[in-house]
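Participant: To start, I am sharing the structure in question, which I have written as structure tokens.
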């Protein structure tokens, strides 16, 4: 039987989501605890990967297990997992449901604190130079399209195409006076959100004009764009699926 | 000339606000950096002390310095101070203004996360048993009075009186679905808010009735009350002064 787990993690202490030799990863820790609880080697497949230090407020993974499970697993997992990983919901799915392939889009938030904040230096980018948010929003609108986002892709990766369909990209202020960038797309290239944020911040500083930002997109060349914003401000905040997939939450 | 500084700190890495031998304190770090910037030994006097691990979102300290200062000091201090201490405002005061004696009241918040949260295990008390918040609010109302709060005082301290004037005490939910306890009083006894929160949580769990909570207050005996809630959920959030004191903010 196939199960989906909804979970969240603080990326601070992990070398990214994906399992790798000699470095601790979120995937490894979840697989280890789940395997111990179910007394069987369990592999999980996630909606996507997050890089070293990047967080997830809402991530989905799937795994297979031959017996019927109940929400009791949620409680057990939360007590076995470290403080920085939490699981919230368990769903029994159709056999062919797939956490990665069935995801229709992903949403990320990037947090910037415009003042020194003793409570968010690990969860937001502390950036206390003045930013023109209107200009940053004007530039962000240019990202909303289906197109080649190679300008914001990590070089030398093995993806076949840089085409992404960006459906939402804007800045807002939250209740803590932080600047929040929200972006939704069908898929993201490695390092894409951090490269976009780094470049939009240069727009906000007046170093890059809106026209130049548009040129950077068109050039499809990573070296044109600005530096990447730091990992610790970035959060995967949602993964969208067709609602029909989630018929059976186990309570 | 007398100056007031408004500041905030994350208490996680400090053995409390007050300077002490062989342990790092917030006071020591601020005095050290301020003395280096002003090239003169500076002592600061705070509105109050916070215990090991307790945070302050808004604290005031005063210090004396014979020359005229500008807000440039704020920038310098923020670059010299570690990430977990920030200064926000500088005021030139009347000579007799006093950060502690002139404060008319203090407000604390205590944060409880009612679910496992990978992003707040250092900033809130993760407590995932069900709490009856209505009952906790009913009990909290009994705290609003001028009276002897010895039931919630640390034993063997050298204060002369346990009389406090509690002006506000209630629970609310914030935008992150956390439970927040807000309490304002003219003064607080050592450990008082954490002892009150620990006892109110027992009310929320149904272990103590409203009547029993009232009896605990009346007994004026620390051993009657519940255990202290953990330090990392507690924040000094405001110190109130007569507004007339702050005539001259340096910008």
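The backbone N, Cα and C atoms fix where each Cβ goes, and this holds for glycine too.
Unlike curated records, TrEMBL annotations are generated automatically.
Here TrEMBL flags A:8-90, A:139-242 as domain 'Pseudouridine synthase I TruA alpha/beta'. For A:51, the entry in TrEMBL reads active site, nucleophile. Annotated substrate binding site per TrEMBL: A:108, in sequence order.
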Participant: Using a 10 Å cut-off, grab the number of neighbouring Cβ atoms around the Cβ of the residue listed as 'substrate binding site', all chains included.
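Facilitator: A 10 Å sphere around the Cβ of the residue listed as 'substrate binding site' contains 27 other Cβ atoms.
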Participant: To the nearest whole angstrom, state the Cα distance for the pair the residue listed as 'active site, nucleophile' and the residue listed as 'substrate binding site'.
Facilitator: 13
Participant: Just how many other Cβ atoms lie inside 10 Å of the Cβ on residue A:51 (active site, nucleophile)?
Facilitator: 19
Participant: Summarise the model confidence on the domain 'Pseudouridine synthase I TruA alpha/beta' (A:139-242) as a single mean pLDDT, whole number.
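Facilitator: Summing pLDDT over the domain 'Pseudouridine synthase I TruA alpha/beta' (A:139-242) and dividing by its length gives 93.
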